[in-house]
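Down below is the structure, laid out as structure tokens.
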Amino acid sequence: MTITIALPSKGRMKDDASAIFERAGMKIVAVGNDRSYRGRVEGWDDVEIAFLSASEISRELGNGTIDFGVTGEDLVREGLANADARVEFCARLGFGHADVVVAVPEIWYDVDTMADLGDVAADFRARHGRRLAIATKYWRLTQNHFSGSHGIQLYRIVESLGATEGAPASGSADIIVDITSTGSTLHANHLKILADGVILRSEACLVRARKPAHDGDPVVDRIIAAVRGAL
Amino acid sequence: MPLINLPAFSADLLAEFESLGTLRVDTPVIQPAEPFLAMAGEDLRRRIFMTESETGESLCLRPEFTIPVCLRHIETATGTPKRYAYLGEVFRQRREGGNEFYQAGIEDLGDTDIAASDARAVGNAMRVVANRLPGRRLAVTLGDQSVFEAVVGACGLPGGWQKRLIHAFGDQKHLQKLLAELADPRAAGVFGPEVERLAISGMLDDEARLVAHIGETMEATGYSTNASRSPQDIARRLKEKMELANTRLDPDTLDLVREFLALDMPLGEAPAALFRFAEKTGLTLDGALARFDARVAALADIGADVGVIRYRAAFGRPLDYYTGLVFEVEVEGTPAVLAGGGRFDRLLTLLGAREHIPAVGFSLWLDRIEAAIAASGGAA
């Protein structure tokens, strides 16, 4: 069986992923020219490489159209319901670090924990005539963290696909759930992370789609062992 | 329009609703999604079927009837009291059962006799379920958030803690976690470094200065002071939070709240048991207990079989528009909830009604009732 590994198609994620595979003894060469979206691994005839965007990789893992993918844990957990039942996180690759966090305006001196936020959310409608609004592109992670872990139900998600950190100052939302690696953008926008507001510490991972066909396939085990050995 | 998938007993049910003095209403299957999400919270989003109009308005397939019936009442402005009945299909993603199923029920809007209308809702729900399942013994669970509110209020906790506990009522896990936190002798509450600076500068004791400082900082950092929380809001809750952090629940009071939450008994015994609880603990619960007793008496007055009803003190729904009575009807020995209801006095104002409209109602899970009929060997 041919095993398909999907790698990020551009940027630092692509370079970092290729470097790890090379250290793992799986040197990736593009098929055709080096802008091609298909590749192979030198000496591994039963493995093919597909270059996809990071969010497509998470979706295709869920669909099972690829066997392995290198992508951010945040995208997998956001994109797939019951992620752990559908995919296996085989290795954490040490790059692409980003935390998914709950951040509120610094000026909210009274809010430093999710419990504080719960109090504010509970009263919000009575005081402002609407629910507390959260700008985010992470619907699922937000819901799990707010309702699942902290019993907060009363809020509204305002979808934000870019410049989420600006939403509270512009008034389009009250708080945000977003990724941050250094916190500098949050700081520049006068936002602070809640003490228990880290929803996920994400990084790039080697992720396997759980497929019955993988059971007992030696190539699957060899790929995992090779990548783990290169870390 | 007769639908061939209607439960066989639908006609009987509607006739019974009519005999109970209700007005049958219909509401569109396609509803604006906003009121459901605003009332029930974001969790509902994954359970309803959403779509969009051409102009980008969020729409959904009717996930339940209470909100549409109330919205219709507000729009038609025909005055109260009104007793509405409905029967139709609702659409929800469920763990068990199909995603489209029939519900029927009664919403009683604007009756100011709380005890009588509560009793009527419970009694009607029991009666229509019993009439579908002759010979089966029902098991009804009843709870009342207002009694819990009275207990928490009488314990002398600061307002912030009362709100937190009341908000968690009905979510047993969350409530127990809060109680444990409240009893933990280590001071709770996380405060940022800014708050320490404010304390040192003496601003925390001078609310006017604090409000002015927050307002100025907001201006300087580009946060408009009117779109979200105001400087007054923040200053007020900061004070409340310091109160929260400084309040520990003594072990006796914690035991008392836990003892209350563990109460579980036949409803007929509940008035005396609650009276004994109040007497023993020295809590003043008079108003709440009088209303509780009046409801039990009203249930007996209308001839409801009080013997099959249990009172469970911790039973509630963690939605902010449920204010008092909640109940569920099952067949004894089976876990399926066949009818559920409660009092939602806050819903109509939340939905935009200008005046306060007390409201109580229930809905029936017709697919589960069909299954129960089939299980007892009747024709479904």
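Quick reminder: no glycine exception, Cβ is built from N, Cα and C everywhere.
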> Which of these, B:ARG92, B:ARG94, B:ARG120, does TrEMBL list as part of the L-histidine site with B:GLU64, B:PHE65, B:THR66, B:GLN103, B:GLU107, B:ARG317, B:TYR321, B:TYR322?
Replying inline: B:ARG92
> In sequence order, which residues at least six apart in the same chain have a CB under 8 Å from the CB of B:THR66 (L-histidine binding site)?
Replying inline: B:GLY105, B:GLU107, B:PHE344, B:LEU347, B:GLY361, B:SER363
> Widest Cα span across the L-histidine binders B:GLU64, B:PHE65, B:THR66, B:ARG92, B:GLN103, B:GLU107, B:ARG317, B:TYR321, B:TYR322, in Å?
Replying inline: 21
> Just counting, how many other CB atoms are there within 10 A of the CB of B:GLU64 (L-histidine binding site)?
Replying inline: 18
>> As a test of reading the model: what is the averaged pLDDT for the domain 'Class II Histidinyl-tRNA synthetase (HisRS)-like catalytic core' (B:243-369)?
In response: 93
>> Among all protein chains shown, how many Cβ atoms are found within 10 Å of the Cβ of B:ARG317 (L-histidine binding site), not counting that one?
In response: 16
>> Counting by DSSP secondary structure, give me helix, strand and coil numbers for the domain 'Class II Histidinyl-tRNA synthetase (HisRS)-like catalytic core' (B:243-369).
In response: 57 helix, 26 strand, 44 coil
> In terms of DSSP three-state secondary structure, what is the assignment for B:GLN103 (L-histidine binding site)?
Replying inline: strand
